[in-house]
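I have placed the structure first, in the form of structure tokens, so that the comments after it can refer back to it.
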Amino acid sequence: MAVSSCARAFPSFECRSDAEFSGGIPRHDIPNSGKASILSHGSSVHGLSSLIYRFPPNFVRQLSIKARRNCSNIGVAQVVAASWSNNNSSPDFTPVAKAVDAAAAAAAAIAPVDTTVVNEDVALVENETCNDQNVQFDSLPSMKYASFLNSDGSVAIHAGERLGRGIVTDAITTPVVNTSAYFFNKTSELIDFKEKRRASFEYGRYGNPTTVVLEEKISALEGAESTLLMASGMCASTVMLLALVPAGGHIVTTTDCYRKTRIFIETILPKMGITATVIDPADVGALELALNQKKVNLFFTESPTNPFLRCVDIELVSKLCHEKGALVCIDGTFATPLNQKALALGADLVLHSATKFLGGHNDVLAGCISGPLKLVSEIRNLHHILGGALNPNAAYLIIRGMKTLHLRVQQQNSTALRMAEILEAHPKVRHVYYPGLQSHPEHHIAKKQMTGFGGVVSFEVDGDLLTTAKFVDALKIPYIAPSFGGCESIVDQPAIMSYWDLSQSDRAKYGIMDNLVRFSFGVEDFDDLKADILQALDSI
């Protein structure tokens with residue numbers, strides 16, 4: 001469930017929608033390639049409210065107005081989740097409930113919500129307009145934000161959330177809907193839902209209102225029609241591969257990548273007859289050769305890659321692959337949507353481990369994949385079968401984390417670039433891998449397709465395995481851990497952290513030397529991090 005597109009699933013009289021913030025954001029830098037439906041300036045939808053915030057006309061509780069306003073976010077969300085109804089027949093409620101409904105009707109009379117349907121592929125149900133995609137609200141074209149909300153930082157804060165607030169709560173934050181299933185008042189409603197005449201949620205594995213908000217937020221940042229959230233980045237990668245590559249198919253991937261992704265491609269996909277060509281990230285000739293010699297279904301790579309931060313020319317490889325009918329999926333975890341817009345560069349799909357920069361606080365596991373509705377729907381269908389659904393509490397943590405995404409990424413970009421330059425000049429550092437450095441083999445590509453170079457720097461210490469471990473142990477600020485992208489700095493020695501089960505010679509086949517260090521810069525003060533790294537280098 002990515003983008004809520006039920007234009008009038010419930011009457012609008014109880015919505016406090018802000019028209020200036022409704023829907024997605026126009027991505028003016030995205031070519032008209034069918035990957036995102038961007039509205040012209042002449043057509044717009046105002047006041048469109050996300051489904052969880054619309055209250056059906058018979059939704060009442062015997063609460064005073066004051067009590068309703070004081071409901072907690074979670075409590076209100078649970079009440080909302082339990083009250084989906086389009087039944088227009090109203091029983092005889094108490095005077096208090098009637099007073100609340102009267103107040104709601106009066107408020108709506110003062111500020112009615114104007115909803116203009118822009119999607120012609122709709123069904124009319126009891127004077128309500130709802131798309132025919134059932135509860136998978138992916139078919140709505142992007143909506144227009146206010147002109148002053150055109151920066152990624154503002155979008156990361158507001159996208160998907162200021163889509164309308166019910167009068168029960170004036171909460172700024174998005175509620176957490178903790179439920180495993182959603183009920184129907186009567187069988188006729190269930191039949192309408194099954195026959196796609198009524199929009200609703202059904203089961204927790206298929207979608208959650210809190211998760212929808214996060215999917216809309218990520219879609220707005222990526223300029224995507226649809227986004228699907230999953231329980232981890234690896235879940236997103238594996239489900240994408242299983243959904244889009246047929247049995248007996250062929251993919252192209254790169255030498256430098258996350259090891260677990262490589263293991264899945266090398267050991268699991270062959271069981272379905274799927275083969276792979278592995279190329280250097282910069283070897284365009286090898287890609288062309290594979291495209292000409294084989295029926296390639298998909299090109300899948302990271303950019304920047306893990307751990308050497310190699311960069312793929314996304315625009316070029318997308319052009320080459322599309323000419324041969326192959327799809328392109330870019331794992332942009334190291335870049336973030338703020339530093340790189342893979343879809344705008346021509347990729348069909350962009351994937352993230354939201355555990356990293358998007359969540360940004362080292363406290364949640366999640367993955368996401370964004371792109372055109374058709375492709376994401378294919379992945380979604382398999383995901384609903386396999387499971388791996390994201391818990392709504394985890395979705396809330398990422399929503400909260402993304403409100404500071406632009407601040408964190410700006411700090412991490414700056415710290416990483418400055419430290420990369422210092423490390424490159426240090427006599428106890430043999431080599432530095434960072435796309436922001438002119439010495440990086442794909443620096444020219446990174447400059448072309450990235451606005452910032454990320455918060456991770458890899459480098460080789462002048463020493464062996466034990467000397468490098470001594471350097472790591474001498475650091476005071478970063479944690480020794482296997483992740484990156486959070487507020488806290490993290491350091492690891494890949495030869496030990498990720499490849500310790502392989503011999504030194506086998507590690508070397510992947511370029512993993514004993515003296516390699518991967519440093520993820522957090523948001524600590526630059527001078528503190530600089531002093532810590534320099535003292536650790538002085539200790540070896």
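Cβ coordinates are placed from backbone N, Cα and C, and glycine is handled just like the others.
Fair warning: this is a prediction, and the values are worked out from it, not measured in the lab.
Features as listed in Swiss-Prot:
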- TYR203, ARG205, GLY233, MET234, TYR258, SER353, THR355: pyridoxal 5'-phosphate binding site (BINDING)
- LYS356: N6-(pyridoxal phosphate)lysine (MOD_RES)
- 1-78: transit peptide (TRANSIT)
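The C-beta environment of TYR203 (pyridoxal 5'-phosphate binding site), restricted to residues of the same chain at least 6 apart in sequence and closer than 8 Å, consists of SER180, ALA181, TYR182. Neighbour counts were taken as the number of other C-beta atoms within 10 angstroms of each residue's C-beta; across the binding-site residues SER353, THR355, the minimum falls on THR355. Non-local contacts of GLY233 (pyridoxal 5'-phosphate binding site) by the CB criterion (under 8 A, 6+ apart in sequence, same chain) comprise ASP331, THR333, LEU351, HIS352, SER353, ALA354, THR355, LYS356, ALA366, GLY367. Cβ-based neighbour count (10 Å, all protein chains) for MET234 (pyridoxal 5'-phosphate binding site) stands at 18.
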